[in-house]
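J.: Take a look at this one; I'll ask things after.
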Amino acid sequence: MLLLAIDTSTTAITTALHDGSSVVAEVTTLDARAHAEHLAPGVRAALAQAGAAPTDVTDVVVGIGPGPFTGLRVGIVTGRTFAFALGLPVRGLTSLDALAHEAWLRGRRGDLLVATDARRKEVYAATYVLDDSAATRMAGPLVSRAADLEPDVRGLPAAGRGALLYADSLPLAVEPVDVSGGALADLAARRLALAPAAPDGIRQQVEPGHGFDGLEPLYLRRPDAAPAPPSTKSTLG
Amino acid sequence: MSDEPLVLGIETSCDETGVGIVRGETLLVDTVASSVEEHARFGGVVPEVASRAHLEAMVPTIERACREAGVALRDLDAIAVTSGPGLAGALLVGVASAKALAVALDKPIYGVNHLASHVAVDIVEHGPLPEPTMAMLVSGGHSSLLLVPDITNDVRSLGATMDDAAGEAFDKVARVLGLPFPGGPHIDRAAREGNRIAIDFPRGLTTGRDLERHRFDFSFSGLKTAVARWVETRHRAGESVPVADVAASFQEAVVDVLTRKALLACKEHEVDHLLIGGGVAANSRLRALAEERCDKAGVTLRVPRPGLCTDNGAMVAALGAQMVAKGREPSDLGLPTDSSMPVTLVQA
């Protein structure tokens, strides 16, 4: 198995390869404004690091957010297209789960809030319980002002950039800050190991289930647009 | 098998998700998924709505193009993609997808200019471009006069709109007349029943010092306002608005200026081929008047069929195939999108 993981839901443009037992390559660039520039070269560099050809990849997993829309789409369309081009299954995972999983990998246990930057003075948030077996999502994801989260939630240790941006509301900032491709790949590999094999002939979007979330982006907001008013303003003054 | 380059082109600069495949100068397939209906109730293209639609349509459109052309992706020689100008978020979806193809298939990628692609598409319709060719691009986002010595690396801008694009003026006037979005086809249809000389609407930048200083530039904002004032005056007087006459007279003002300036450019630059591209080139009156005036001036007119005038992937593939055939270097895999990419920059 060689699993390619991609996430562009946070400031990190991150990609990693997992061979079924461990992460064998990871390339991450921090640049909130240039996802499309860095991602494809990152995938190529990760393949080179692993000494693998694109055709060696067997599975693709992408973080489906929530995250700022423009960057988020770059990762999802890259994962979908890469998988289509090589006839591979492609699956989605909630990006916030990768942050919680990384905290779990680092040994954190107990309750955890994950809060990432949703721009417009809001955060994307979800809560987790981390026990010895896994990080399990209890609520979310949702989009909210940090100050409007429930008081008991705001008092939790908080991973993600939201805790750095809104320290007044989220005083207990903990690592990690951004999604790591390696953590996403590790989480995906663990869930794949538990999932039944995909039926033969599947190439493209694998239905959600068995720990995976489908491939639709988690926008959590509608586009800003209002229907056009019926008449235009006067031109006669 | 042919030695000619097999190129897949992706276009997502506005509201059409386009994928085309070209072999050399032959069009194999042109597949377009449009989100125009999702924008209609907003009276114009909403960038975020367009970007979301591109993401959903991207892979299915590539898949359909390959299936209909009977092409396997591994047989491609290169991927071409619109890297600008256009809506930033929309461009990103196509460019990211093209890069993913380039990495997965280990193929070169060419990031190309949307406007140059509108010119290049006529190669798959009417054969090689004479060098130089005069090109006029008229769409919802652009109105440009271009002198094109070599479509793969030498495109010179003679003039462009100073305010509204021609297609934008059609959309805005359609709204004033209560016609649906996009305005172009609706005004074209309404105008067929109307009188072109019923109302003498202004022709921007066509006389005196304006013409001297802005010889090949366009301005349609004053015309749009003149139409709105004319219509509002009728409303205020309690009179009905002769929609067909207004549409026909407005349309005539636009196509009169466009064709006059295009032929003036041909004459002054001694070019005997004029190519008209972009969505507004689908306008029937523009085609008819351009033909009439080109005939008189001894200029050969080239206009791609309407389906290739609006945004599509075939035009991007057509330009990419020219790049490969002429041995141009591919773009870097880190190529950026450029929402305001200058028309003179053919490749990113």
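Even glycines carry a Cβ here, placed using N, Cα and C.
From a predicted model like this one, the values you see are computed outputs, not experimental measurements.
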J.: Please pick, from B:D311, B:D332, the residue that TrEMBL records in the Fe cation site together with B:H114, B:H118.
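T.: Site partner of B:H114, B:H118 for Fe cation, according to TrEMBL: B:D311.
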J.: Starting from the substrate binding annotation in TrEMBL that includes B:L137, B:V138, B:S139, B:G140, B:G141, B:G184, B:D188, B:N283, which of B:D122, B:D164, B:D171 is the extra site residue?
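T.: My reading of TrEMBL gives B:D171 as the candidate in that site.
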J.: Quick one: of B:L137, B:S139, B:G141, B:G184, B:N283, which binding-site residues lie within 10 angstroms of B:D311 (Fe cation binding site), measuring between C-alpha atoms? Sequence order, please.
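T.: Taking B:L137, B:S139, B:G141, B:G184, B:N283 one by one, the ones whose Cα falls within 10 Å of B:D311 (Fe cation binding site) are B:S139.
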J.: If you count other CB atoms within 10 A of each CB, which of B:H114, B:H118, B:L137, B:D311 wins among these binding-site residues?
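T.: It comes out as B:H118.
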J.: When neighbour density is defined as the number of other C-beta atoms within 10 angstroms of a residue's C-beta, which of the binding-site residues B:G141, B:G184 has the lowest density?
T.: B:G141
J.: Cβ-Cβ under 8 Å from B:S139 (substrate binding site), same chain, 6 or more residues apart: which ones?
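T.: B:S139 (substrate binding site) has long-range Cβ partners B:H118, B:A165, B:A166, B:G167, B:G278, B:G279, B:V280, B:T310, B:D311.
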